[in-house]
Amino acid sequence: MNDDIIVAIATSRLEAAISIIRLSGKDCIAFVQEFFTGKILNKASHTITYGYIKDGEQKIDEVLVNIYRGKRTFSGEEMVEINCHGGVYITQKVLNLCLKKGARMAEHGEFSKRAFLNGRIDLSQAEAISDLITAKNDYATELALKGIQGNISHFIEDLREDLIQIITQIEVNIDYPEYEDVEELTADSLLPKSQSLQKKMNHIIESSKNVHLLKDGISTVIIGKPNVGKSSLLNALLNEDKAIVTDIAGTTRDIVEGTIRLDNIILNMIDTAGIRDTDDIVENIGVHKSKELIHKADLVLLVIDGSVPLSKEDEELLELSKDTQRIIVVNKKDQGHNIDIEGISISARDNDIDALIQEIKKRFELGQITAGQEDILANARQIQLLQRASESLDNAIVAMKNQVPTDLIVTDLYDSWENLKEILGERAKEDLLDELFKRFCIGK
Ligand SMILES: Nc1nc2c(c(=O)[nH]1)N(C=O)[C@@H](CNc1ccc(C(=O)N[C@@H](CCC(=O)O)C(=O)O)cc1)CN2
Ligand SMILES: Nc1nc2c(ncn2[C@@H]2O[C@H](COP(=O)(O)OP(=O)(O)OP(=O)(O)O)[C@@H](O)[C@H]2O)c(=O)[nH]1
Ligand SMILES: [Mg+2]
């Protein structure tokens, strides 16, 4: 099955100057030679040849063809790229010809999947390729590029190296209890090594936790009692009249969303229904949703009307959001503030929101994450596996402290080992791979 020649349009499917049609699989150079006038059969790898794509005697397009001989290619097997004219129709025509001649349409991410299956890259590198394509800011691109170069692979390998040393020390002792050079195997000698390894793991887990903020943006919910100016704030941040603003309390019923970029920070904002006790059924559903969102969000903007004294509803919201990452926004500054609370003063109506923007930037100085910190995981899958590795190691540590027989300790250590392997996809099952590569785009 892996001998199939797969084909896909590898460029944007819009009208453009040039499109690349990418093929991968055994003997795909000979395959393309059948309908290409340039001579590529005996050309060296990584060369470009000019000619025409022909369907029988019929010229289809004037093209350049790149050939890549296995295994040193993107997919780790023989590849061809046809650079045709970038019209939507002409590109489709060349693709259809490849299909007619016997290639099959590539699935999402199948070129990268082959690169993985052919051993050219590991799973963390494959994920990084996908991340680079979907990256929306500099942090995300830098992180993804490091991942492609094997940054994650390397520090996971280092953890594995530490772990295997501990395991070996125990195994050698089990197998050759009389062997003289074996470091004396007491909990005293294994424990410090295991603890320092666990510390390394936990450090990586901690520093990786904010990565989703940087890659996917900060989910930001705007809450407050009715009429304080939540929708006005959303509109001011978005710089457009997206949400309806009126002086009627209870204007926003359902959530309104919008995304802005503050330098490299992406805010995915949600404007909610003002929170109050109400008999209106529709409004009540909105209020319920707003309360739920408070605990799901990465950032809560609690809006308070500063022109009037703090009300019971404000107090409730202050209490409800007190354990979240929260900014108290005191609105209607233009009317003069008549309130005693620490917060950021703004006037949403007059677009006077700079202080708030500065505060958000200060709270999320995400640049630090990539600048200083080298060892960072890229996604929830990887973090979860490292967490499991750390938990298994913890079991082993507890066992060591309790002088449990070493052959039992080894079982936990192997568990830890397996989880580390899975981060790089070494144990990944077929269905997991399918699931992962489905998220890639066609042609990647
Ligand atoms: N035309 C074209 N442009 C492209 C790609 C491509 O496949 N084709 N890429 C695809 O995404 C990216 C570049 N990434 C690539 C990664 C590895 C190899 C590759 O051939 N690797 C071999 C040989 C490396 C070498 O010669 O040193 C290897 O690693 O063994 C090629 C492209 C972006 N631009
Ligand atoms: N003076 C003044 N009025 C404001 C300011 N921001 C909003 N308003 C007014 O306050 C009223 C309510 O604004 P909205 O943005 O609809 O308030 P909301 O919090 O979304 O209200 P609900 O959706 O009903 O919960 C409108 O009349 C706005 O023009 C401000 O900074 N200063
Ligand atoms: Mg509103």
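Keep in mind that glycine also has a Cβ here, set from the backbone N, Cα and C atoms.
Where the annotation comes from TrEMBL, it is an automatic prediction and has not been curated.
Annotated (6S)-5-formyl-5,6,7,8-tetrahydrofolate binding site per TrEMBL: R22, E81, R120, K444, in sequence order. Per TrEMBL, the feature domain 'TrmE-type G' maps to 217-365. Under the heading K(+) binding site, TrEMBL lists N227, T246, I248, T251. According to TrEMBL, the GTP binding site annotation covers 227-232, 246-252, 271-274. The annotation Mg(2+) binding site is assigned in TrEMBL to S231, T252.
Overlay of TrEMBL annotations on the structure.
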{"residue": "R22", "record": "(6S)-5-formyl-5,6,7,8-tetrahydrofolate binding site", "DSSP (3 states)": "strand"}
{"residue": "E81", "record": "(6S)-5-formyl-5,6,7,8-tetrahydrofolate binding site", "DSSP (3 states)": "strand"}
{"residue": "R120", "record": "(6S)-5-formyl-5,6,7,8-tetrahydrofolate binding site", "DSSP (3 states)": "coil"}
{"residue": "N227", "record": "K(+) binding site", "DSSP (3 states)": "coil"}
{"residue": "A249", "record": "GTP binding site", "DSSP (3 states)": "coil"}
{"residue": "A273", "record": "GTP binding site", "DSSP (3 states)": "coil"}
{"residue": "K444", "record": "(6S)-5-formyl-5,6,7,8-tetrahydrofolate binding site", "DSSP (3 states)": "coil"}
Can you tell me the CA-to-CA distance separating K230 (GTP binding site) and I248 (K(+) binding site), as a whole number of Å?
13
Show me the subset of E81, S231, T246, I248 whose Cα is within 10 Å of A273 (GTP binding site); these are the binding-site residues I mean.
S231
With DSSP helix as H/G/I and strand as E/B, how many residues of the domain 'TrmE-type G' (217-365) fall in helix, strand and coil?
47 helix, 37 strand, 65 coil
Using C-alpha positions only, work out which of the binding-site residues S231, A249, T251 is nearest to E81 ((6S)-5-formyl-5,6,7,8-tetrahydrofolate binding site).
S231
Please list, in sequence order, the residues in the chain of A249 (GTP binding site) that are at least six apart in sequence and whose C-beta is under 8 Å away from its C-beta.
P226, N227, G274, R276
Find the one among the binding-site residues T246, I248, T252 whose C-alpha lies closest to that of R120 ((6S)-5-formyl-5,6,7,8-tetrahydrofolate binding site).
T252
Measuring CA to CA, name the entry from the binding-site residues R22, S231, K444 that ends up nearest T251 (K(+) binding site).
S231
Taking Cα-Cα distance, which of the binding-site residues T246, I248, T252, K444 are within 10 Å of S231 (Mg(2+) binding site)?
T246, T252
Listed in sequence order, residues not in N227, T246, I248, T251 with Cβ within 8 Å of the centre of the K(+) site Cβ atoms:
P226, V245, D247, A249, G250
Among the binding-site residues listed here, R22, R120, K230, K444, which has the most company in the form of other Cβ atoms within 10 Å of its Cβ?
K230
Within a 10 Å radius around the Cβ, which one of these binding-site residues has the most neighbouring Cβ atoms: I248, A273?
A273
So what pLDDT does the domain 'TrmE-type G' (217-365) average out to?
88
Which is it, of N227, S231, T246, T251, T252: the one of these binding-site residues whose Cβ has the most other Cβ atoms within 10 Å?
S231
Given the binding-site residues R22, T246, K444, which one's Cα is the least distant from that of T252 (GTP binding site)?
T246
In angstrom units, rounded to an integer, how far apart are the Cα atoms of K444 ((6S)-5-formyl-5,6,7,8-tetrahydrofolate binding site) and I248 (K(+) binding site)?
51
